[in-house]
Each structure stands twice: as structure tokens, then as C-alpha cells.
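> Okay, handing you the structure first.
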Amino acid sequence: MNKIAQIVKWCNGALAVDVDINAEIDELATDSRNIEHPETALFIAIKTNLRDGHLYIADAYVAGVRNFLVSRHVEAGELQGANIILVKDTLLALQQIAAGHRKQYKLPVIGITGSNGKTVVKEWLYQLLGGRFSIARSPKSYNSQVGVPLSVWLMEPEHQLGIFEAGISQPGEMEQLEKIIAPTIGVFTNIGEAHSEGFLNIRQKINEKLILFRHAQHLVYCHDHAQLNECIVNYVHHVQDVKLFSWSAKQDADLRVTKINKQGNKTQITASYKGEEATVTIPFGDGASVENAMHCWCVALLLGLSQAEIAEGMMSLQSVSMRLELRHGLNDCTVINDAYNSDLTSLQLALGYLDQQKQHLMHTVIMSDMLQMGKADIDLYEEVAAQISRRGIQRFIGIGPALYKNKAAFRKYKKLRSIFFRSTEDFLKNFHQLTFNKEAILLKGARVFAFEKIGLLLEQQVHQTVMSINLAALKQNLDVFRAELSPGVKTMAMVKAFAYGSGSYEIASLLQHAGIDYLTVAYTDEGISLRKSGITLPIMVMSPDASSFDRMIAWNLEPEIFNFRSLGMFVQIAQTLQVKNYPVHIKLDTGMHRLGFEAHDMEQLITLLKDNPMLQVASIFSHLSASEDPKEDDFTALQAKRFDDMSSQLMRELPNSPLRHLCNSAAIVRHHSLHYDMVRLGLGLYGVDGSHSLEGKLQQISTLKTMIAQVRDVPAGDSVGYGHKAMADHDRRIAVICIGYADGYLRDLGNGNAYVLIHGQQARTIGSICMDMCMVDITNIPEAKEGDEVTVFGNDLPVTLLGQWANTISYEIMTSISQRVKRVYINEE
Ligand SMILES: *Cc1c(COP(=O)(O)O)cnc(C)c1O
């Protein structure tokens, strides 16, 4: 453990307030919502252009933290009994602390960088070497300026090897990461051709990445990437003496691949090393896996493993999934399936995600024995039990001999119900005696325990048509828009219409977690269901119908007031319920001519608002009708002028100062001068670039897939589908796919107006779209067969294209996907 005095020294800090300079720190925390051991944690207030950690100091204090690292003055009085360290730059301090921590250890450390494969190589090395060494490694893909120091901090005296990955996005960043990781063995996986921001060209990118190996003794890389090889050889020649260890399938190298033999899902690789041939088989059939495995092979040789040991490990490599899948389960449960490794760090991450599932009061963890080296079982499970109990989890189901033996560690927490089974089979046999109802369930099992069988029982039968929603992509889209905003401008997210078809609660919960300021729904009922599932953000309701005003107030939802009639009725209810300062939002009509007050209404509106102080205007806003269209910029300017005039008139007379907001997604990007105090983000969040000026920075968050139900051959001259139409003069092969207009696949997409993707190839619709299915032409896709996956839209087939085909807009395509289509939420790192 590190003492606080030591930490102060490492980061050159000043102890602004010292209460206890002997306080011990075993955890570095940058997120106040995710702190494992508050008593011994140091909360580091990091400021990025999106978020300022200083705003969460109070939360961390309430959670029990008593040590803080800050870069600006904080009132000590509010942090009774806490140590406060003051530095100039908290991110730099975090990095210096991690570098100081790293220096305490003399052991081999593998540093991995490159464009692709970093995480897989790191995890595979862990799988290959885990039986030999006690290993510290980066959790998931923690490879950033913040992620690397947090990873390296996990090194402890018992470790014999470190494996960390490093990723950078601009020049200058690797310098810091090198000091923190200080690798003795380097792995440079590969370099992508894609142009990346911040770098002049690929060579500059390679050279920057090479900085990671400044003090390394060995560097592993593939000789066959020409540019990479050139830069590395040059680097070794001019800059530094490091022993290169290369592999190649084409030329002479330390490990020379002589034969690659693909057999379905397996690949046999033969290579010669020091004049002797050896063969390994990996359980993967793709080229990227071969490349990743080769890098691991080189490292394993460097670390002294024998060819026989390596071959044995390679055979059982497991795919690295960084997904946490959220699915709807039986009896209204939500199931989180964590297919990631089973160890303490990943448990902590998964528990954090479970904690966010506030729509359920009851939380259950089903976990298998952990296969973690370096800790005695008893200590390991004491720690697991402590984590589980601290998170307020009500039920723990432990599966496996080691957990069974260590029951007592869990039983001592009186509020935690715990049940144990010796094996997965035992659990499955007893499944029907357990009840699972309206709860969030985390499934976390090491591979050998085959938890997928439990998943099958808990999850609802998947309807063949599934829309998967990538929550990580949503978060990235949000960040793209936040980067457009000046500091202090707030964000309101539009989650109306079931979050543009994506599902309300899951999206709202993510947005709440991401620190958004406001949510907006269309109807009171939508707002209530968000409240019921634990959303506490302020929520504006856009089309409040007067009969629901009382329920709005009961659930703390804020109405949009757009005319005198709605104002009058809300006032009545507010008087009856005797509310004070109730927040309302005043909508102005500046040219859209939908809802809203007009200029000539202002005086009367002011009088009414002054007469009714139980209402407080929280915001004033208007909607632009053509913000995406450069040809209409004059009209947008006119709308803005009207908004400015009307809202200024109101602001002068109102006792408080409401927020003003005007911009929707397209306007955020195209009209920076109109951001006012807040912006309203809709379509862009879901990955559609209405502004046409974000150059592919957004990711479509939803993918709709279905399945081929039947394949048949239709002779020339025969028709397909209703109406005895759709004939052709040649023989065709058609596939019937499980999606129709009742799922939201619009009828206009029929008769060849649209295509779907099968095995990556286009298959056009034939005949009309039926209610539950439709037909597509697969004459040119001979490998297509029954049961195959069909992509209706997704990253390779944008929703905007479907919009064009059906003569409509993306908004309609997205919101038309019916509720019977199952949604699956994916949180991918
Ligand atoms: C839907 C909506 C938005 C969001 O518009 P996008 O174009 O989807 O960003 C903003 N403001 C109002 C009033 C809306 O109804």
C-alpha cells in the first residue's frame, strides 16, 4: 500500500489540508459513482473538455472518500476530516503517481500498441501465460491517458508479470504512457491505413507509437508490414538499441511462418524458430486471429516457454468478447451477460453496470469460481463477498467447488441471501425451484462453467428479428456533439417516441449516467415510466394533454406551455395542488407554425406569469424548421432574430433567468452562434447526421437483423407474392425473410425498391412486402441458406438509405420499427 505522503511526493503536490499524512491509499478513483473502497481511495478530480471532476467531489465525500487530489481551491470546511492535495494538473498528477508506483517493481512488463488487436493480444497472452505467472494487466481496453495509469496502479507485490496496452490519438501522448508502463518487452501489433486526426501521415503515427519502446529490451513485430518494418529498422538504427524479434510469412524472420492451413474454424500454423519447425493450431479461422496469435507466439518464446507448452495453450485460446449484453429475460427480468474474463477487476466493472439498472429494485449476481492466480481462495472470495455486499446486491448465487467451499465468506453479510451449487449442472437441475422475477441479473462465469446454458434459461426466446442497440456508439455520438459546444452550454436529449425507436429506459439511463442535463419526452406516460425506472433527471414533456397535468406534477415532470389555454389549465391544477415554483417551459413560435406563443402574445403572457408565481419559467425555447438546409439559412437567421427578441422581452420581466434554447441536432453543428444556454439533441444521438457536415464521425447505433425462413427456386415466368405479379424471364432463387410491414418494414420498400444484406451481399426485395415477411432475390448469393442472418439496416446499410428508398426520412424508418421487434442492448468498449 502507498501512503499519502508518498503520493504527494510523486506528483509534486502540496498538501493543502493534511489531516493524516499516514493515510493509506489502495485505490485511485476518477468516477465518483464507481469507488470500491472509499476509505482507502484517492479521488482524483480530472477535468476534460466534457466534464469537470471537481463537480463530483461532494458525491465522492458522501460515498466515504477522505482523500482528494484537485487542481483548484476547494472549501475544506465542506470536506471535514479529509486530506486535500493540490496540484496544477490532475491528469498529469495521476500519471506521475502511476509512474512512481510502477518504479517500485522490477519485473518483466509487456507493453502493447498498434492500430488493431491490442486487447486481443493482451488477453491471449494472459490466457497463455496465466498458468505460469501471476499477472497484472489492463482491464478491458483501458489504454488511454487515464486508463493506462489506472491499469498500472493495479500492480501489486505478488505479481510476476505485467501486460498493458497503450493507445494514442495525437502526437505527444505516448511520452507519458511510456513513463507509466515502462515496458521491457514491446509488441507493435500493426498499423491501420486509415487517416487519423492529429497525425500528418502514417510514418509520424508509427514513430510516435514507437516511443513506447524507448527503454524496452525486446520488440516484437511483423516484418510483413512494409512501412512498419521500415520505421522500426530506422528507429533501431538511429535512436535506440532494442533487440528486434520479428515474425513473417514472406521473408526471413526470427519466427518464420512456413505454412498456414485453414480448416473451417481452425487454423494450423507451422513456423520455424532457430532452425526447428513447430506447429500450433488455434481455434479460429480468420486472418486477424492468425496475426494476433503470431505476436503471442513470439512473446511466449521470449519468455522462455517451450514449443510444446505454447502449442497446448494456443489450442485453447478463447475469443475475447468485450461485450456486456443486456437482454430482456423471463418474468420481466433484465439479464446482463458478461462474457468477459472472470477475475476481480472485471467483476468490479460488471457490478458497476449492474448498479446502473435502477429499473429493478432487486439485483442478483450469478457467478462461477474465479480462475485468478496469485491470491488464496479464501482472500479472493472474502474480497468478492465484500464487493457484492457493498453494492447492495440482495441475492448471490455461487457456482463451483471453490465458491461452495467458501460459503462462509458470503454468509456473514446478513442482508445478502446466498445460495451455492457445486456445478453448473447442479444449478440447472434446481433451476425451477428458484424464482427470478422483475430483477436485474448479472451472469458472470468463467468459460469452463458454460454459463451460456444458464443464459438460455433466463433469457426470453429470441424472436428471429432483433434490433441491437449499441450503447457505446450512442455515448460516442453524444461526445461528438458535446465537442461542438462551448463550456457551460447544457444538453437536453430528446428521448421522445421510444427514443426514436431505440427503447426509452436503456437510453435514458445511459444519458443520465453520461451527465446529460435534461430529457424530453412527448407524453406524460413516457415520462412516468422513466421515473418509475429510476430516472431522476429533469424531464420536459412536449405535448402535455391537460388531463394528465396532475399526474405530471405527481411525478415531477415539467410541461411545455405553448398557448394561453394550456397555461390556464396548468395554473388551475397548480393552484389546486398548491405547488410552489413549479418549473415550466415556454415554447415560442418563430416561424415553424406548429406550437408556441407569438410576438403579439408576449405582453399578456408576461402579465399572466407575473400573476402566477407558483409557476417558474425554467426555460424558453423555439424550434427551427430548416436548420439542416444551407439554402434556408436566411430563414433560420430570421427565426433566430424573432427568438432573440421575444425571449429577451420575457427575460427582462421575469424574476428569474430561465435557460434559453433553440438548436436541434443539425443546428448544433451548423449554427454555433445559436446555442444559447442549452441545445436539444435528437436524431444525431442515434447516429444520423442530418447536418451532412460531420464527415462520418457519427455511428448508427441500431442494427436490425432477421433471418431466412425458407429458400426456394422459382422458374422463369412464375410470380412471387400477392397479386400474381413480380415475374421474370429467368429462373430465380428467392429467400423468404422474417420481416414485414407489421414489424415496421414499410410497404414502399417492396418490389425491388430496397435491398437487404445476406453474407455481405445485396439481395433486392421481390413482390410486395407482406405483414410478417417478405421475399428477396438471392439468385446471385449461392451460399445463402435457411437460418442465415439477414441485415435489414446497420453500419453497412444506413437507415438514411432506407428512408430514400421509401420516399421518407430516417426519423420515420426508425420510429416505425414495431414494439414486437426485440431490442438487445450492447455495451461494447
Ligand atoms: C424532436 C425535436 C428536437 C430534436 O430534433 P433532431 O432533428 O432530431 O435533433 C428538438 N426540438 C424539438 C422541439 C423537437 O420536437
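Placement of Cβ uses the backbone N, Cα and C atoms for every residue, glycine included.
Heads up, TrEMBL stuff is auto-annotated, nobody curated it.
Sequence annotations record features per position, and here TrEMBL assigns active site, proton acceptor to Lys496, Tyr722. Residues or ranges marked as substrate binding site in TrEMBL: Arg594, Met771. Taken from TrEMBL, the feature domain 'Alanine racemase C-terminal' covers 701-826. Annotated N6-(pyridoxal phosphate)lysine per TrEMBL: Lys496, in sequence order.
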> For the domain 'Alanine racemase C-terminal' (701-826), DSSP counts of helix, strand and coil?
23 helix, 45 strand, 58 coil
> Of all the recorded positions given, Lys496, Arg594, which residue's CB has the most CB neighbours within 10 A?
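The residue with the densest Cβ neighbourhood is Lys496.
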> Cα-Cα, whole number of Å: Met771 (substrate binding site) versus Lys496 (active site, proton acceptor)?
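For Met771 (substrate binding site) versus Lys496 (active site, proton acceptor), the Cα atoms are 26 Å apart.
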> How long is the line from the C-alpha of Arg594 (substrate binding site) to the C-alpha of Tyr722 (active site, proton acceptor), rounded to the nearest angstrom?
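About 40 Å separate the Cα atoms of these two residues.
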> Per DSSP, Lys496 (active site, proton acceptor) is which: helix, strand or coil?
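In three-state terms, Lys496 (active site, proton acceptor) counts as helix.
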> Taking the Cα atoms as reference points, how far is Lys496 (active site, proton acceptor) from Tyr722 (active site, proton acceptor) in Å?
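It is 36 Å, counting Cα to Cα.
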> Suppose we draw a 10 Å sphere around the Cβ of Tyr722 (active site, proton acceptor). How many other Cβ atoms does it contain, all chains included?
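There are 12 of them.
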> Tell me, how many other CB atoms lie within 10 A of the CB of Met771 (substrate binding site), whichever protein chain they belong to?
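That number is 10.
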